[in-house]
Amino acid sequence: MTQPQLNEFIPPPECPVFEPSWEEFADPFAYINKIRPIAEKTGICKVRPPPEWQPPFACDVDRLKFTPRIQRLNELEAQTRVKLNFLDQIAKFWELQGCTLKIPHVERKILDLYQLNKLVNEEGGFDAVCRERRWTKISVKMGFAPGKAIGSHLRAHYERILYPYNLFQTGANLPVLYYYKLTGFPFFFLQKATLTNDTKDKEYTPHDLPQRQSVQPQETCSIARRAKRMRSERGSVKTEPREVCENRPNLRRRMGTCVAKPEPGKNKVDQYMCLVCGSGSAEDRLLLCDGCDDSYHIFCLIPPLHDVPKGDWRCPKCLAQECGKPPVAFGFEQASRNYTLQAFGDMADSFKSDYFNMPVHMVPTELVEKEFWRLVSTIEEDVTVEYGADIASKEFGSGFPVRNGHFEVSPEDEHYLSSGWNLNNMPVLDASVLTHVTADICGMKLPWLYVGMCFSSFCWHIEDHWSYSINYLHWGEPKTWYGAPGYAAEHLESVMKKLAPELFESQPDLLHQLVTIMNPNTLMNNGVPIYRTNQCAGEFVITFPRAYHSGFNQGFNFAEAVNFCTMDWMPIGRNCVEHYRQLSRYCVFSHDEMICNMACKADMMDVDLASSVHKDMTIMIKEEEELRLKIIKMGVEQSQQVDFEVLPDEERQCYKCRTTCYLSGITCACSPSKMVCLYHTQDLCSCPRSNLTLHYKFTLDKLYPMMVSVKLRAESYKEWVSTVQEILENKGDKKKGLEELHSLVEQAETKAFPQTSHLDQLRTVTTEADKVAVMAQQLLNGKRQTRYRSGGGKSQNQNELTVEELRSFVRQLDSLPCTIRQAPLLKDLLTRVDDFKQRSERLLSDESPSPLELQDLLDVSLGLDVELPQLPLLRERLEQARWLEAVQQASSWPDSLCLDTMRRLIDQGVGLAPHSSVERAMARLQELLTVSEQWEEKVLSLIEARPYHSLETLDVALQEVENIPAYLPNCLQLKDVVTKAKKWLHEADALQLGGRIPVLDSLSELVLRAEGIPVRLDPLSRLEALVGDIQAWKESAAKTFLLKNSPFSLLEVLCPRCDVGAGHQKSRSKKAKEAPQISKKGSTKLESLCDVERALSESKDSASAMTTLAEVRQREMEILLALRASNESKLVPAENCCTLSVCVCQKAPSGAMVQCELCREVFHHGCVETTADLEYGQAWLCPLCQRSRKPPLDKVLPLLASLQRIRVRLPEGDALRFLIERTVRWQHRVQQSVDCSFLLQGRVGPRISSHLTQEINGSSFYTEHQSVPLQGLGPELDELMVEGFLLQVTLPETEQLYRYLLYKLAPLPSHSPPLGNDTEQDQQSPRGSPHHNKVMTITHNSEEDYSLCAAPWCREPEGDEVNWVQCDGSCNQWFHQICVGLSAERAEKEDYICISCTQPDYKRGE
């Protein structure tokens, strides 16, 4: 059944971990005694031996076979077991009615029937919950969200499943009848009709705990299983309530379907008599019980049944008999098979790896811990494990080496045989009192072995006789421990009894059975201190006396444990025996026998141990003497000396309390096998007391000398006697102090001195002096525990002394035989009482006394334990003064005077005694509260008004509330709103103050802040419109510049490139080495677009932004020029060049290639998109260099103009402005180059073929498209052309410059037949030809070319055939087609106008 989600397990704090040195490790008990003050505060501790201490594993693995215990995890936890027991009872109840219990779902969770039943009972029962409509409250307590009508569902489920059971539990017919009247449904009819209606319910399978523990396990048993307790209805087989089961042998048919055979001696009428009405009529309506064969009319039942049930039916008497059986005590089952160590390990490792679905060594301990506590707390999942616990080492051999054992110890390991940390040696060391226990007690004196698997656990328990225990983990996975200190043992027991009282009702000694655990978090939440540790292989864990501990194993491991007792344990051990007597729990050994064995060796006993033994013997002999005196008075006359130590333990156990008798016991002739201790003489038998016989080990006369011998070993008795005589004889001025008398009495009692007259006299004198000293001390201390807490002072007591009685008491002190230290102080007490009386009269006469003075006076009364009639009035005036002071302090700090404070002060003032000052303060406070409440409501309505109020309205209201001397949250919120609004308006006004252009980020941040200010802000709409205009501008700019599906942002396109080379081939190491060192003028902070964008946003004005972009432009040019040179140089063939990687595919060049004019990288023709009809003279850019549409300048300038009209600065706008300025500057540079005939001064190199045809490493490639070779360019021309390509604007100068350089350095080859013998006229200039045709072709048969091209950058083409074109403008001049970048086809189809005609200002070179 799914419970409400539990909190995740929180590990308790770690216990102390000690790492002794070799010197400390040499003596175990000395070291344990050293760490005891620290470790006993946590109950458990861990000890890590020195790393070199590694004893060999000596257990006989081949002989070790054991039968483990079966542990079902969710049956171990106390609260979970309570729920399982409850569900089993409910299931059994319905099963007897022929129904199967099916637990319903609520909110997709299985309903917790136990919690529902418990909450309904706590609220007064079903009737009270229905009457007072508390079902919603119960649903909330069960963890369901309110407001979903869950309460009605819970009521229906309770009424259907639990209410019939609770009615039956009452045992009376009246509640059943009341149920019928309340619901209108008969009791048993309701069961049959509604219990199993819901097909979504989960069928519950009972645990059958009594049956499992009474039947021997099968031979084949699942070793460790994990199963769902709740099974879906689809996968289960159930019997419907109304289904007739033909095959059931105990089915009795009713309604006349089956006639039973009459029994001899009974007639048929007598056989079918209704036990309610006594009538045998209406036989067809008689209902026969399947349990006892009693008959009932269905209409005589209360409530009556409408129909005869089909299937088994039990009468109320049989129901009570079946459901009233007492619960069976819970315990572990034994597994069905024996294991060897290897077989158990294989099973354990397989279980853990399958459960966690990972190798066992990889499962974290934290995961195992959380999963363990989840499993023990769930009812839905059953996980069963096995634990090889309490395996006797005597039978199979200890894990430690022992002398004369089967394990052969090597010489270097022989010291482990005698080591005190060898668990076979520790219980019998000289310092261990268990040495004096003669029997070999398995588990205490002889170690026990423990073979664990994952989740196998040891439940909460304390060691036998509350002794120490020590556990050593030989090998395997860790063991997780939890412990509580000894002082918290009773608290832990009470918490477990409180949280699971049902378990302790049936098993009062449940915690002694080692079968119950409880979540440490639950114990800690109830105030029990819990500590934990993970014990790894090779580590010891020590538990201290009465320290509860539990834990579980993380996986397959092998551990060994034993008990030991030191002398500090002895008083604890005796208390444990008394505790066992009250619980009727048997003792493992006789504590008295151990003490007597030690006393017999008093002469050789350690002095400290002798002191402990002496104290223990004192208690033992005193009890024995009192008990023997008691039975003598009861009439027991016969006695007999018996050597109890030779008797078997079962023959000397007390029949009543199971205590092991040693000093004495009582038997009777009527039952000689029975023996009781002297505490339970009356429980032996009913025979006369004279028939009883006292069996004793020692007479009292022998016990006292044994005690004295121990005493003499520890101290000198004569010295004590001499001191007592001296004190009793010294009187008068030589009286001794009371402290010395107490010291002597305590010494006699703790050292068990004989009862002599000196001791009696000393006790009498001390008792009388104590009475006087106690009274004197009470007078001096003032009995603080009885004081009036709120105002100070003491409560009046009728038995208190008056002042005169105090004076008389002081005089009587001189008659005592000793002195007390309080005598000098009592005289001072009288003086202080008189002073108190005078100060009281003065303060009470004052109109407004100070509360400090009143409190001081009442504090003085705490030390005056005499009658003080002024106290009640002083306390009354103190309350008034304190209240007035509180009001004054609150009024003096208006910032902390809230409405709750005013209401609280008013409520406190109502309860005060009437006084004029109180009434005046109350009136002022009430007036202030009224005004404050009114303004709080008004201000709240102003803030929450929609639409928002203006700032002026709120400011007026703020001025009015500022004068109210109180802390008003809504008014403070109003002040904050007004402040924010004023600040916002100031910033909005200052945004464009002085003609400054605001930055987009500041504008957007201002608009965003306005959303959280509930004030009408007039500039907001204008600012929002401004932001909208910016967004529209950015969209327009993006449409103008960005390509379709462009990977670049608008800012990336507009800004100079700062990532040159980043998008090219990944392998750039060789290029980086070959490229020249880039200038470091650019700032290293502008290496990415983010850096540039941040710099532009942080720039103060456009000038600084332009400076930033100029730095980026400089860096762009330097990197790109270096990249061009690097890409160009790698194409130069070399004999030893490595495999070359080019193109976007990073493969070697081959076949048809195309070269980017900007970055000079070559690309395979099939890897990139190229224009198929790309003509000669047209530049091709790769996809990484072609970043935008490159709109014409006339389309870009309007964007800048529209941005200037918006008057908002943004990074894209700065970048656009820089782009335009850069474009204009570049145009100017080109113009200057033309004006100064730079292009005609021979600065270009020789003509070089631009078609690359090379072979590298056996792979040849060529470029289909001509490009300008870099070898013929000077640095100025190279930089000019590069920057022209980088401009994201289309310019005619770019194309003309490119064509000029291309024609000059890479001419297009021409092929024409040679020209014949022409006339002189034919060889003249073709200038006369344009009148006939604007395009012509001239052939030459000589080396001289008499044609003059008008282009200033004429390339002087050579060849047999030269194509010409005439300008269609005003000049009508002729140009070589190759010099102006025209092909023959374009010259034929299009008009050509030269640059002189298109730009009149252009100066043609000579």
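Heads up, the Cβ atoms here are built off N, Cα and C, so glycines get one too.
Database features (TrEMBL):
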type	residues	note
DOMAIN	15-56	domain 'JmjN'
DOMAIN	80-170	domain 'ARID'
DOMAIN	271-321	domain 'PHD-type'
DOMAIN	415-581	domain 'JmjC'
REGION	1061-1080	region 'Disordered'
DOMAIN	1140-1188	domain 'PHD-type'
REGION	1312-1334	region 'Disordered'
DOMAIN	1346-1400	domain 'PHD-type'
Stretch in 15-56, 80-170, 1140-1188 most in contact with the domain 'JmjC' (415-581), if contact is a CB pair under 8 A:
15-56
Should anything in the same chain at least six residues away from the domain 'JmjN' (15-56) have a Cβ under 8 Å from its Cβ atoms, list it; otherwise answer none.
400-401, 407, 409-410, 413, 416, 419-422, 426, 429, 431-432, 468, 481-486, 488, 529, 531-533, 535, 538-545, 547-549, 564, 566, 568
Looking only at the domain 'JmjN' (15-56), what are its DSSP counts of helix, strand and coil residues?
16 helix, 6 strand, 20 coil
Would you mind splitting the domain 'ARID' (80-170) into helix, strand and coil residue counts from DSSP?
61 helix, 6 strand, 24 coil
Could you break down the residues of the domain 'PHD-type' (1140-1188) into DSSP helix, strand and coil, giving a count for each?
0 helix, 10 strand, 39 coil
What mean pLDDT does the predicted model reach across the domain 'ARID' (80-170)?
76
